[in-house]
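Only one structure is covered here, and it is reproduced in the block below.
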């Protein structure tokens with residue numbers, strides 16, 4: 001058995017030396033002619049292919065129309081006008097807040113917004129070193145009264161504010177706020193830039209977007225004001241910013257848009273007070289990280305170069321004149 | 001050139017302990033240099049925007065700088 | 001004869017034809033005289049011949065000379081530099097990561113802001129006690145009179161249970177500042193009471209003198225002194 005196999009192999013080997021290429025080519029030709037003979041009626045193939053393509057595209061289309069599209073529960077008017085994108089300087093990758101603008105924005109908040117809107121999450125101490133000196137912030141905090149801890153008799157007294165206290169709210173609670181504002185709750189502004197779609201652009205558009213009078217045909221309920229940027233267009237807050245409303249101590253002209261811009265930047269700070277540090281750390285990490293990445297790519301290539309440039313050389317032993325059983329090639333069969 | 005390189009190799013790299021110490025000392029120096037340099041760049045990009053650039057307007061002269 | 005058989009045969013034959021076509025760079029310098037003796041037994045002819053006749057030696061190491069670099073030192077220095085730089089930068093990153101986690105575990109800014117209490121001393125008249133809250137604990141502030149200072153300083157403190165001179169317990173003799181928690185079981189002592197003119201703990205009857213030292217009763221230690229500072233005249237910062 002073994003001998004016959006080896007013999008056959010030896011014959012094949014001898015054959016291959018001379019006629020291998022030709023044999024394979026003829027075999028290939030044979031195979032291709034066979035397959036074409038099987039698929040003789042081509043129109044059937046075309047029809048099947050076309051039908052399955054149409055079915056696939058059609059089912060995808062059907063699925064997309066059923067489930068893929070965004071569902072609009074509200075009309076465009078109910079969504080509110082989309083806020084204009086403005087080129088905010090502090091939103092650029094490598095820019096901090098303009099801290100002079102933060103200071104002006106806090107002035108606007110304190111003199112205008114704070115009569116209705118709270119800023120519960122901001123303690124006085126965070127103003128120190130971002131837009132105020134210690135003494136200024138302390139003086140502002142002391143203008144407000146806070147509850148003390150119970151004294152010896154268990155009574156709660158009032159004390160002037162400290163830096164560790166939070167900015168006081170204009171109303172005692174949400175119910176009092178609703179009662180004072182026709183049932184509409186002025187939202188807390190601490191995280192407002194993060195909380196509204198459009199962020200800075202939305203708040204700026206809202207503050208500056210009050211038209212002189214509602215456009216013809218717009219229905220405005222009593223007690224509400226028309227603002228195209230507010231979802232539903234009827235907003236309880238009236239226009240508050242008018243030119244010259246506040247006096248900026250640094251002499252910046254207090255136009256409506258300047259005040260809106262400053263207060264928006266301040267509200268962005270109150271929502272993301274860590275932004276300056278975050279951006280600074282961010283690009284440092286990117287710089288170090290890209291150097292590390294380049295180094296690691298080099299080191300990967302360095303470590304693999306041994307494997308990648310390896311050359312194997314094999315000089316097969318001569319087969320002539322050897323008994324078959326001594327031939328390692330044939331013995332392996 | 002080759003002399004300098006073989007000097008570097010023999011003094012810093014040959015012994016593993018010295019090589020490791022060099023790496024850590026270098027990392028320490030790099031951190032200081034990188035922080036100083038990157039902060040300088042950052043402050044130049046944001047010149048006039050940060051609190052430290054404008055606080056002199058609000059600090060009274062002679063007050064303690066807290 | 002099947003297709004597979006033929007293709008196998010083709011595959012087998014290809015190294016031979018390759019060898020014939022492309023002559024390989026094989027060093028013939030190596031001497032193999034010793035090895036030959038061990039393998040040339042009678043009755044066994046090794047297929048791996050040693051280059052007899054015009055056939056090449058099959059086991060000699062080829063000459064890799066053309067792949068060798070001529071500048072070994074500079075290459076080594078460069079390679080170690082790259083590896084070392086990556087190690088150093090990674091160590092820097094690891095150090096900063098660990099540092100950030102540790103910083104994250106320390107007291108946050110709002111806790112630190114409440115850790116200090118400022119007291120206006122001008123509102124406390126001589127011979128009066130004031131109790132303020134600091135980190136949730138009562139703190140006694142006593143504006144001592146000259147008589148009380150003299151009494152506190154003249155006491156033979158060496159023989160007390162927790163011996164401590166008055167000068168160790170105050171920064172300014174007229175201001176005694178203590179944490180108002182009895183060292184026995186944590187009650188709040190009553191001021192201007194007890195046998196020694198200081199504080200008296202109503203829970204188990206510990207008497208403290210006008211320097212806040214334990215004189216009588218179960219308490220083991222004097223009243224604790226918090227860290228405090230007088231940043232300017234008439235102002236006190238505890239913490």
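Cβ coordinates come from backbone N, Cα and C, glycine included.
According to TrEMBL, the features are:
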- A:100-253: domain 'Cytochrome c' (DOMAIN)
- A:113, A:116, A:117, A:237: heme c binding site (BINDING)
- A:144-164: region 'Disordered' (REGION)
- A:144-154: compositional bias 'Acidic residues' (COMPBIAS)
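When DSSP labels each residue, the compositional bias 'Acidic residues' (A:144-154) comes out as 0 helix, 3 strand, 8 coil, counted as helix, strand and coil in that order. Applying an 8 A CB threshold to same-chain residues 6+ apart, the list for residue A:117 (heme c binding site) reads A:109, A:170, A:186, A:187, A:188, A:189. Listed in chain order, the residues near the heme c site other than A:113, A:116, A:117, A:237 are A:112, A:114, A:115, A:186, A:189, A:240, each with its Cβ within 8 Å of the site Cβ centroid. When the binding-site residues A:113, A:116, A:237 are scored by other C-beta atoms within 10 Å, A:113 scores highest. Within the set A:113, A:116, A:117, A:237 that the record links to heme c, no two Cα atoms are more than 11 Å apart, and one pair reaches that distance. Residues from the set of binding-site residues A:113, A:116, A:117 situated with their C-beta under 8 Å of a chain C C-beta: none.
In three-state terms derived from DSSP, residue A:237 (heme c binding site) belongs to neither a helical nor a strand segment and is classed as coil. Secondary structure from DSSP puts residue A:116 (heme c binding site) in coil.
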